[in-house]
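Visitor: My questions will all concern the structure given below.
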Amino acid sequence: MTPLISITGLTKTLKGQGEPRTILAGADLTLHSGESIAILGRSGSGKSTLLSLIGLFDRADGGQYLLNGNDITRIPERKAAALRSEEFGFVFQRFFLLKHLSAVQNVSMALVNGQGWLPRRKRKAKAMEALERVGIGHLAKHKPPRLSGGEQQRVAIARALVRDPKILLADEPTGALDTETGNLVVEALRSATDRGCGLILVTHDHDHAAKMGKVMQLTNGVFENSNQRVVV
Amino acid sequence: MIRLSGRFRSSLIIGGQGIRARKMRTFLSMISLFLGVLAVVTVQAGSVIAQRALLSDIEISQGKDGTLQMYLPSNPQAVPITMDLIQGREDVAGVTTGKAIIGEPGVKPINEGGGPLDGNGGAYRGPMMTCDASGQCRELEDPNEGAPSGQAIELSMKAVTGDILQFRPFRLESGDWLDSSSTPSLSPRIVLNTKAAEGFAKYKIPAEMRVEGALANTTPRIIGVVNDGSWGPAAYIRSDELLNWMPVDSLSDPRYGGSMELMLAPSTTADLQQTLKSRLTAAGMNPDELHVRTINSLKEMQSQLSLMRWIFLGMAALVLLIGVAGILNVGLATVGERIEEFALRRAVGTPRLLLAGIVLAETLLTGLLTAAAAIGFGAAALKAVSMVLGSREPFLQNVAFPWEAGVAGVLAGLIAGILGGLIPAIRAARIPIATVMRA
């Protein structure tokens, strides 16, 4: 079966004013449908950079990136935007909700991105469905300042899920939450894999990582080992 | 097509949300732009209204553009020959100008010399003169010498042959214009110009008309009043009705006035001009004095007005530029403030082009809203000015807001929206997602 994501020898070097700094020095990773992977690592180990390359926010300097078997290592930005819309859902540590929009509007904003068009009623229905999936349908009309951190992050997860992505990328989604709320958020993310979605979770929390099917340790831009465990 | 439509709708929706979310900021950026667009609208509306007023006055006083105009020299044969030639032709009109006094018989007119009737009017008080073709001038005897003062008005009597209105579209103020299709009446019908009508309204003049060279004084019937753009009192009369009371060669008499103006439609054949010149030359007139000129006053005036309009539009553009700077300033500040929103939108699949479109849509909507407000304000202000000052300034009566000003306002709003939004749009499209969204 063709993996959703297959990464081989991915490298990334940041070139700024000073010396070039290698962030990724040959990362390998494979993600199948319904699979969940936790990436652990110290700050600066390259976790977020790897996630931004996988999510096509940026391009790798070397290596190969296959998405559904297609090489997208050097994909142009216009096609990358379409893939971000069709294939990926993103959850960030800071929720990035728009304060002037309600929860349901924040979710449906992912549907107003120029990649196809849905009428307003359908957008709202899909956004409501996504909010119900993460258990906060009753907060649909609330604006972000009136929501707790956990509720805001679940709105962000609903926004990531609303286009039914094949891959969910979460960059330290529990970093700004207490343990209990963090557990709820991780559970909401993990439950997406039950519907066949692949999940990559970048985290510092070993307990949250342990809930994923595979845990990978990134150190100085390379994966040290992989602890493959299937979550029953 | 569907894709484009979706992107267009997306940018409008998100742009509208952006404006609603930052109402005060949008309002503040609209203020300076409002003044700029209003300046453009005012200049355009003002120039169009002024142009209409000026050109309309020029047309009635000098004639429509393209009209061929010919002044016949003072000669006893000039008027009879010309009238004989143009009789019954629809493409030519002739006007002989003379003098007439309407009022009490045998008195000096109130405005001796035929000057304006308001105040001292600048009426000519010196001796009456006449000049021949060689430039030799001599004094004419004063027909009113020794006459007592009385209630009478002296005016220019313009005897009309043919349809003069096709060349000079006088504005009918009241009553009717001369009907040339009916049988000439022994009681001459006259149409006063507004200056003469004002004089008649002011001085209660008995209606007896004395025309130099006429065989008898007549009682005219005043049938209408027109605005002919002239500064002095005048009356228009059918030449055939006037000729019931005076011999045709008197129309060429220097004491009567003796001049004739001929107006020809541009389509008039050269044959008529040639025949007229030949007959007048044969009657002893100098061919060098027989000029035909084409009226181009409208074109000349338009070029002068357009120069002035460009100068004023240039000044208005400077004011508009301040408005553009305001939008640009607010746009840049807003992009800086919304950097996370734009990065997020890119992360969820919004293409760079659409992101730029969203920012442009916001500034364009702001520009268009401002333009609509400025145009509405301009139209309302013009209406108010027309109501308040219309009675004093005739050209402001029932003046309509010119569509050209509306178009200029919309264009100004669009240009300001594009200029003010372009740089913020480019910046928004270049926001790097990875840097902004990093945990």
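Cβ atoms here come from the backbone N, Cα and C positions, even for glycine.
A TrEMBL annotation is a machine prediction, not a hand-curated record.
Checked TrEMBL, it gives:
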type	residues	note
DOMAIN	B:315-433	domain 'ABC3 transporter permease C-terminal'
TRANSMEM	B:310-332	transmembrane segment
TRANSMEM	B:353-380	transmembrane segment
TRANSMEM	B:400-423	transmembrane segment
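In terms of burial and nearby residues, how do these features look in this structure?
Guide: In the predicted model, the domain 'ABC3 transporter permease C-terminal' (B:315-433) shows an average pLDDT of 88.
Under 8 Å from some Cβ of the transmembrane segment (B:353-380) lie the Cβ atoms of residues 7-8, 10-12, 14-16, 18-19, 26, 29-30, 33-34, 37-38, 41-42, 45, 323, 327, 331, 334-335, 342, 345-346, 401, 405-406, 409-410, 412-418, 420-422, 424-426, 428-429, 431, all in the same chain and six or more residues away from its ends.
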Visitor: Counting by DSSP secondary structure, give me helix, strand and coil numbers for the domain 'ABC3 transporter permease C-terminal' (B:315-433).
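Guide: Per-class counts: 101 helix, 0 strand, 18 coil.
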